[in-house]
Amino acid sequence: MFDTHTVEIEWAGRPLKLETGKIARQADGAVLATYGETVVLATVVSAKAPKPGQDFFPLTVNYQEKTYAAGKIPGGYFKREGRPSENETLVSRLIDRPIRPLFPEGYKNDTQVVVTVVQHDLENNPDILSMIASSAALTLSGVPFMGPVGGARVGYINGEYVLNPHLDEMDESSLDLVVAGTYDAVLMVESEAKELPEDVMLGAVMFGHKGFQPVLDAIIKLAEVAAKEPRDFQPEDYSELEGEMLKHFEAELREAYKITQKADRYAAVDAVKAKVKAHFLPEEGEAKYTAEEVGAIFKHLQAKIVRWNILDTKSRIDGRDLETVRPIVSEVGLLPRTHGSALFTRGETQAIVVATLGTGEDEQYVDSLTGMYKERFLLHYNFPPFSVGETGRMGSPGRREIGHGKLAWRAIRPMLPSAEQFPYTLRVVSEITESNGSSSMATVCGTSLALMDAGVPLAKPVAGIAMGLILEGDRFAVLSDILGDEDHLGDMDFKVAGTADGITSLQMDIKIAGITEEIMKVALGQAKGGRAHILGEMAKAITESRGQLGEFAPRIEVMNIPVDKIREVIGSGGKVIREIVEKTGAKINIEDDGTVKIASSSGKEIEAARKWIHSIVAEPEIGQIYEGTVVKTADFGAFVNFFGARDGLVHISQLASERVAKTTDVVKEGDKVWVKLLGFDERGKVRLSMKVVDQATGQEIPNEKKKEEAAE
C-alpha cells in the first residue's frame, strides 16, 4: 500500500532519518524526519497556477507544536492547541527565511509549508529538524525550488564549537547560533552570544555551514528515488519591456534617486512611475503589457539603478558614503513618571522606548514542550502604520513585530544582571514612531538607554547596526546603517548588535546565492566600526546605569526564610500572607526555596512587611523576657501571644509567686503581660512564666529566678 523511501545518516552523534511515501501522501511533498527521538512532519502544497492579478509570491510557513509530542495535555478551558505561541511564530520565520530566496523569480503560486512536531525527546530541539524536513519536502515536491537547504545549530562551549548541542548543553554555551544555506552559500544566520568577537562568530557560521553538508547529501539521496517530476515553470521574458523602460525613463529615474530626502524622493519616483504607466498602459487602444507586469518591471528597474549608482559612485540614495551612519540623537528621561524612558533617533528612524520594573508576580509563565518556565525579561516591539506615513491595521502583533522584538531581546539579554543581583521583572516596550530602515536596531539602542535610565545595572551599553550588500559579479559594496530602500533593493540584511567588546546578537538574511566568507568578514568588520560610533553617540545621553531607581519604580527587598517556615508565613488557605499584604500594602512573593521578595514603592511598607514575616519565622530564645498579650484563659493557665504569631502557655502555677486559685484572678483576655520563655515541653509546646518577671518593669525578679533554677 505504501511506497516508502528512507534515508538515514549519523549526524553530530545522533541518527537523522528522513522518510517519505507513507504519511500525508496527498500533499505535493511530505517528509517525516527523526533526529534522536524527536519527530516532525513537514508537508508542502503549492497551487497549480497563480491567482489572477497576483503580483507577489504568497509563501506561508506554519510551524506547530502539539503538546502530545511531549506527553502533555494543553492547559486552558478548551484543552486544545490555540493560536501560535511566540516560539512557533519565531520558528516559522526561521524556516521561511532560507527557503524564500530559492524560489525562482516570477513564481507566484500560493505555497504553504506546514511543519508539525509530533514527538519531542526533550533533548533535541525540533527547530533545526523542522528546517531540514521542510527543505526535504520542497525538494521532493516538484515545485520549482533551487534547494536543498541545510541547517544546523552551533554552540561554543569551553572555547570549542559544538554542532547541534543538546538542550541541556546550551546552558553552558556562550553562543546559540543557527545557520542555514546550500552547498555553496550561507543564506540565513540567527544568533545570541555572550560578547563574542567577530572572528569567533564568523568561525561559528562557517563551522555550521560545513556541519550540515551531510544533510544536503541525504536530501539529494532521498530525492533521487522519491522526487516528483519537476513542474514546468518558465518565467516570463520581460527583457524587451525592461529595455524600452530603460531607454525612455532611465535618466529621469536616476535623477529621482539623487534626491536625498525620503518624502521628496518618493514623490519624484512616483512621478516617474506615473509617466511609465501612461506610456505603457494607454487609456485608448490595447496595451501590450498588463498593469502588474509594468509595475513589476518598474520595481526591477528601480533596484538596478540604485545598485548601479552605489557600485559606480560609492554614494548612496541619501548622499552618504558606504560607511557613514546617519545623524543620531539620544535622549533619556523623556517620560519622567515612567520607570525609565528613551527617545532614539537615527536619521528618519525613531523609537520611543519605555522600561517598566515589576515583581515576581509580573513574570511571564511560558508553557513549552520542555516544561513550564518563567521569563523575567520581556521586550515588545510595535510598528504602527503611521511610522511610515501610511494607514493600516492596528491590533495584535504580527510575525514581523514578534521577530524584531525577539532580535532586540537577544541583543540585550546577555548584559542583564542576574535575578540575584537585581530581583525585578523587566518589561521594555519599543514604539516605532518613524521608520526608514533598521528599526529593530533602533530598538536595541533605545532599550539599552531606557534600562540605564531606569537604574537597571546593565553590564555594558548595547548598540545595533544594520548592514546591507550590493553584489554584481565580482563587484560588491557593503553598506552601513541601511535605509529601507537599500534593504528592499539590496542582496543582504545583516544586523549586528553588541557592546564595545563583542557581539551579543547577529542576524543575517541573504537574498542571493554566493555570499562568501570574505564578504561576511568585511561586513562584520565594518559593523564593528559602526557599532562603536553609535555607542559613542548614545554616551552623550547616558554612559552607565543610574545609581538609583526612578521615583515611581517599586523597591524590592529580598530575605530568606527556612523552607519549613513557608507554610507558617502563608497560613491556612493563604490567610496570613493575605493579612500581611492587606495591612502593610506591600507585594510579597515567596519562592519554593524560601526566597521572599517584598515589593512596594514605599520603604515603610517594605519594612513593616519584613518585620512581620521575621516575627513569624524567627525562633524565640529560651531565657529571654518578652512582652505579650493574653489571648485566652483556661482553668489550667493562660495562653499568651508573645512572639509574632507565636502563642505559649503560662501554667496556673507560673502566673504568680503566691498560690492562684483561678486564672482570671490574675489575668484576663487582652491584658498586656511580661513573660519569660522557660523552654519547650516534650511535644514542643512553649512553656512561659509570669511570676519570675516584675510585671511593672519587665525585669526579672532575682529571688524567683533562683527558685526557678533550683526547681529545674
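Residue numbers in this text run from 1 along the chain shown.
Just so it is clear, glycine is given a Cβ too, placed from its N, Cα and C backbone atoms.
Some features that Swiss-Prot has for this protein:
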type	residues	note
BINDING	Asp487, Asp493	Mg(2+) binding site
DOMAIN	554-613	domain 'KH'
DOMAIN	623-691	domain 'S1 motif'
Just checking, which of Asp487, Asp493 (binding-site residues) has the fewest C-beta atoms within 10 Å of its C-beta? Asp487
Would you mind splitting the domain 'KH' (554-613) into helix, strand and coil residue counts from DSSP? 32 helix, 16 strand, 12 coil
On the 0 to 100 pLDDT scale, where does the domain 'KH' (554-613) sit on average? 90
